[in-house]
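The structure under discussion appears below in the form of structure tokens.
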């Protein structure tokens, strides 16, 4: 980053998507803001978590021959290994335990051949990664791949060692080398990384529902990472695809040694290797590289490979700043990206850098002097990154808030349950398979419900399912999936199962927020659509703004494209003006926009009208800048393909189906199966009798004891219901930025 840009960044920079954006000034003229004319401003508003690891070199090496020893002190040696090494003239005993695989089976590896993108499935041995310690050396750490020799890192006191097998050695010889590191420079951070500003941005209060979130906090979270290797780094790995894949797998395993402190696993779900050159510009400035990479990710990768985050590994030395990531970017379609420079060969140091940048993706900001990270000497999220470091209490607080604010929904899915079928049943792989009762993965030692043989411990009924708490089924009536907005419904535990019922929505056509309608589980409010695009506080504009812009028939105001060739923009009639381009007002900040997307600001009396052209192809008639179908455009009318029509045309089911007033006796709403979901105080199926609400589908059907008077019953159940609703993290906000809201798994 140049000196002038750094000076500007110091004053204005912040982390997207929670970035401090340009405050918009009002000018009297018609203003069209083009992205290409704003590159300098975009640079300012991109995240700035630049991180430096310094230089590394090999200070010494020796040839060693590891000797595998029988495992002592256990009847079942499976998953354990011991090796004897002669290190610097001293006998050193390594005790290791298998840590499984930090990748999905047969994950895709994309590479290029004669300019054509191809896909391979790497043949990787299973259960190769082991971790452990050196006997008699407090604080030591070993992380090695034991398939085809030992390959990995060892930490002894304050010295790090790398170990690799000697190619084609007949005597199992290995090279053991010392990694010396000289830290230089620091991370360049934004003002919001300071503790004072952070409290204003994020808030310092604890979640309302400590029990619900504590259940999630105690369960393993999974980050599905897609790794991309640029051409220079590929050349540094000998232009060998297999070697590159193996190296990245080892790095992911090492990164997990850091993220384990957050009870979070990083799982490699795919790779792309730029074997014939970089398809994007990869400048020295990692800020520009991140911007280019994220654009490529959105255009080329999102539809091809599922991922929670994508990280680019580059091979050049960027100078002072060696990593950059979008703050809060994980689980986001727009900002799930980071970039790290690996211009040396210290894999443990690079793994620390990757874990640091991933921390930023997970909402973790830089540590300040008041943060503590005992027993580690250094905090991983400090500006200077070291190998002997760990996440601090401040990092845990930031991650806690990330989960509480519903930004970590994607972390709750075990990747192999949604991707490829794994090998035959194996206890310890985190998947409950026949004949297992449970499977606590790799953390059975501290699991109170499940033992290392994948059987329930004495008296346990369940392990970590949504309707399980402290190894027992949750009581009937406890919320297991809170409503996500006005058009979603709570689901409840039934008291006899650990599984939460299927997610149910409010019936399409039901009224929400007084004036709008539910459609496919969402309340289609144009002001909410404005907020999603233009940021918090933006509102749908006045009718006059809609009529003024959408009657023009240009790219900023229209009702779609004509069907005849050549295709032209259609002017909206007065009746259909609310169903064309989305027109917004009360913008306080300029939003982040993609390349080729254009904003327009038009003065209108005392107001300002904003529209966006978000199409990537002029032949496409619809983009995110249009009002969504089923949005209210008048009394009992909704938008449908740029026309304002009676809502019965596209929304209401047949007259014989569920009616909230008739079927539910005015005491509930209809769900998407045509059954009544009763309000609190009334019981399904028809909401006539007293009860605690819910539906036959949400599995809440509690009967009152006859000994309770109606007043007493209602008071007690209302109190319980209020407690349950207050404990539901999904009730905190209905906005999830286009992704499933965090709903908890406790």
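Going from the start of the chain as shown, residues are counted 1 onward.
Glycine residues also receive a Cβ, built from the backbone N, Cα and C atoms like all the rest.
According to TrEMBL, the region 'Disordered' annotation covers 185-210 (among others).
Taken from TrEMBL, the feature domain 'Peptidase M12B' covers 221-415.
Annotation note: residue 357 (active site) sits in a helical segment as assigned by DSSP. Feature annotation from TrEMBL assigns active site to 357.
If you look up TrEMBL, you'll see 424-508 marked as domain 'Disintegrin'.
With a 10 A radius on its CB, residue 480 (disulfide bond) counts 26 other CB atoms from all the protein chains. Positions annotated as disulfide bond by TrEMBL: 480-500 (among others).
According to DSSP, residue 678 (disulfide bond) sits within a strand segment. Positions annotated as disulfide bond by TrEMBL: 678-687 (among others).
Annotation source TrEMBL lists region 'Disordered' at 710-737 (among others).
Under the heading compositional bias 'Polar residues', TrEMBL lists 725-734.
A Cα-Cα distance of 18 Å separates residue 500 (disulfide bond) from residue 678 (disulfide bond). If you draw a 10 Å sphere around the CB of residue 687 (disulfide bond), it holds 23 other CB atoms from the protein chains shown. For residue 357 (active site) paired with residue 687 (disulfide bond), the C-alpha to C-alpha distance reads 51 Å. Across the range of the domain 'Disintegrin' (424-508), the DSSP-based residue counts are 3 helix, 14 strand, 68 coil. Over all protein chains present, the Cβ of residue 357 (active site) has 28 other Cβ atoms lying within 10 Å. When other Cβ atoms within 10 Å of the Cβ of residue 678 (disulfide bond) are tallied across all protein chains shown, the result is 28.
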